[in-house]
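**Student:** Structure incoming, see below.
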Amino acid sequence: MFGQQLASDVQQYLERLEKQRQLKVGADEASAGLTMGGDALRVPFLDFATATPKRHQTVVPGVGTLHDCCEHSPLFSAVARRLLFNSLVPAQLKGRDFGGDHTAKLEFLAPELVRAVARLRFKECAPADVVPQRNAYYSVLNTFQALHRSEAFRQLVHFVRDFAQLLKTSFRASSLTETTGPPKKRAKVDVATHGRTYGTLELFQKMILMHATYFLAAVLLGDHAEQVNTFLRLVFEIPLFSDAAVRHFRQRATVFLVPRRHGKTWFLVPLIALSLASFRGIKIGYTAHIRKATEPVFEEIDACLRGWFGSARVDHVKGETISFSFPDGSRSTIVFASSHNTNGIRGQDFNLLFVDEANFIRPDAVQTIMGFLNQANCKIIFVSSTNTGKASTSFLYNLRGAADELLNVVTYICDDHMPRVVTHTNATACSCYILNKPVFITMDGAVRRTADLFLADSFMQEIIGGQARETGDDRPVLTKSAGERFLLYRPSTTTNSGLMAPDLYVYVDPAFTANTRASGTGVAVVGRYRDDYIIFALEHFFLRALTGSAPADIARCVVHSLTQVLALHPGAFRGVRVAVEGNSSQDSAVAIATHVHTEMHRLLASEGADAGSGPELLFYHCEPPGSAVLYPFFLLNKQKTPAFEHFIKKFNSGGVMASQEIVSATVRLQTDPVEYLLEQLNNLTETVSPNTDVRTYSGKRNGASDDLMVAVIMAIYLAAQAGPPHTFAPITRVS
């Protein structure tokens, strides 16, 4: 009791002496304080004040009382507060990017700004006039000085200093003291870049370090947790991080999903060992999916502590606990357990609980671990590879989209491009990210093909951690936004005929198969609208029989649809180019073309039009294999893939539209022709052969027909091609 009272009296006496010293110092000592390592806590109060109400004032140690708008200037706020801890940043972390000694030299400021500020002269206030400002200044200053004097903050500073030393030697230092020899590099670590001779951290490793450090600082420093944020922003080089982002690192659970062989467990070993050796009285838990996975970690941590501090301060129970002793008698402890025996961590009081390979731990072990969420001073850090082979080894993916943003996924493929990378066997990353892939990682197309030779989709499941393609699951290729635009935006072609090209393209996909209900006849009439393509007519129908008068019936429907388009746009078109597909029946295709030619000329003649006044009617002609005669039909062979690719590109970019005055004698009776076409387009899928990378397109999904879709795609393809002169020609040439 007497000792406690004596300690309290001594502390009060020290505070009185400190206050007296602050009252005696003058503004002339300010410059001397700034030159002593750039530590703003040594700068006395400067006799100046801001002419603003007290509620709008803020105090910045080393600067003074300012308008609180300065708090909302990220550059000023970061620079001013970084001066508070500049002398405490380890030399290994200085001179990197924006921080360290560069701050004291103002190297990040424009020379013109430095010269302008140097010319400013401030009016010195009388000491009696700035008593409130002086009191407020020293009140804030005393808070930061109390932080500096606290034992917990010293432990944090030592942790940062020692971690910087470990980073310098790539975590292979035999001692935590400074060494003058060359840094020891592990054989697999990435080579030094930009002239650096120290090791570097992967981004996810730095994130794990920040999560652990921020939480331990909040637990150990208590009331000073807010002030220490400035120091940690300086250490981690995140001066512009918002307060919300900083609070993210204090949350009591976080999950990291990292591809295989990226240094997850390798990084946890020095982090845990140094935490035990730096923070007095903390307790750490470590659990993995099997005991064989915890034993190497136990041995590595034990070896690190003994190598740094000797065996006298390290005590352990084989495979279960490691205790580290401090000179004052306090101890820090780590407890190990596997998911098969999580009773070892029940009843413990952890500050950090690391769950390694969390995707593979037993469900009952997850329940035990979740119990620690009820402990206010415990943080659970889940670290696992991103296996997606089955739900039981991918349950952490369920955290995606959570409001508290628990999940951190390290990936080389974004969600949008994952389906495309899955279908392309040589791809191992998408173009969205430029990641620093470790040099000890071999991840290319050859590795992917080799892995998939042993077991299908093993690369995407086990190595990269992406979503594996389900069997028979083809990928849709048209975007939802493009489909909505196609459905809603329909320009009027009757009032904008001057924007259209003078040629119409008609594609007929006749049905001549035994299954008359599954395969119908599709007809599309398209043209050019500025640089885009526009659909004027759509027809889709099924015939009762495909013999006898079927060619004449198909031709009659084509003619009726075409003449309606011409009637709605009088004088707008000078040519009509018709292509009749002949893959099913070349004889029927020739018959359809002949009937269209005859019927069109009969209708034009009945209207009293001259042969030269109407649009020129041309038919696609091709030369079948083994023949020297051109026939009026179109053979669809190798043109299908480029035609579909051209259509997909134009459709997704908004280059395919439907006319507001669209014509349809067969579809409009049932539904909107554009909606009807869009239903077929939504069935369009792309399949890539896993061995040859050959793409095939199909619209026959779930038994749906694709005749109208094929007719539209091929009509647009023909409208975009500049074929040879004889490609389109009249059936009866005009002499």
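The backbone N, Cα and C atoms fix where each Cβ goes, and this holds for glycine too.
Pulled these features from Swiss-Prot for this protein:
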- Glu357: active site, for ATPase activity (ACT_SITE)
- Asp509: active site, for nuclease activity (ACT_SITE)
- Glu581: active site, for nuclease activity (ACT_SITE)
- Asp707: active site, for nuclease activity (ACT_SITE)
- 183-189: motif 'Nuclear localization signal' (MOTIF)
- 258-265: motif 'Walker A motif' (MOTIF)
- 352-357: motif 'Walker B motif' (MOTIF)
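Can you walk me through where each of these features ends up in the structure?
**Tutor:** Under the DSSP three-state reduction, Glu357 (active site, for ATPase activity) is assigned to coil, being neither helix nor strand. Counting Cβ atoms from all protein chains shown, Glu357 (active site, for ATPase activity) has 20 others lying within 10 Å of its own Cβ.
The Cβ of Asp509 (active site, for nuclease activity) has 29 neighbouring Cβ atoms from other residues within 10 Å, across all protein chains displayed.
Cβ neighbour count for Glu581 (active site, for nuclease activity): 25 (other Cβ atoms within 10 Å of its Cβ, all protein chains included).
Note: Asp707 (active site, for nuclease activity) has non-local neighbours Asp509, Ala511, Ser519, Gly520, Thr521, Gly522, His540, i.e. same-chain residues 6+ apart with C-beta under 8 A of its own C-beta.
Per-residue pLDDT, averaged along the motif 'Nuclear localization signal' (183-189), amounts to 40 for this model.
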**Student:** So, by DSSP, how many helix, strand and coil residues make up the motif 'Walker A motif' (258-265)?
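**Tutor:** Each residue of the motif 'Walker A motif' (258-265) counted once, the result is 2 helix, 0 strand, 6 coil.
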**Student:** Taking just the CA atoms, what is the gap between Glu581 (active site, for nuclease activity) and Glu357 (active site, for ATPase activity) in Å?
**Tutor:** 58
**Student:** According to DSSP, folded down to helix, strand and coil, what is Asp707 (active site, for nuclease activity)?
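**Tutor:** Helix, per DSSP.
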**Student:** Going by DSSP, give the three-state secondary structure for Glu581 (active site, for nuclease activity).
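**Tutor:** SS state of Glu581 (active site, for nuclease activity) = strand.
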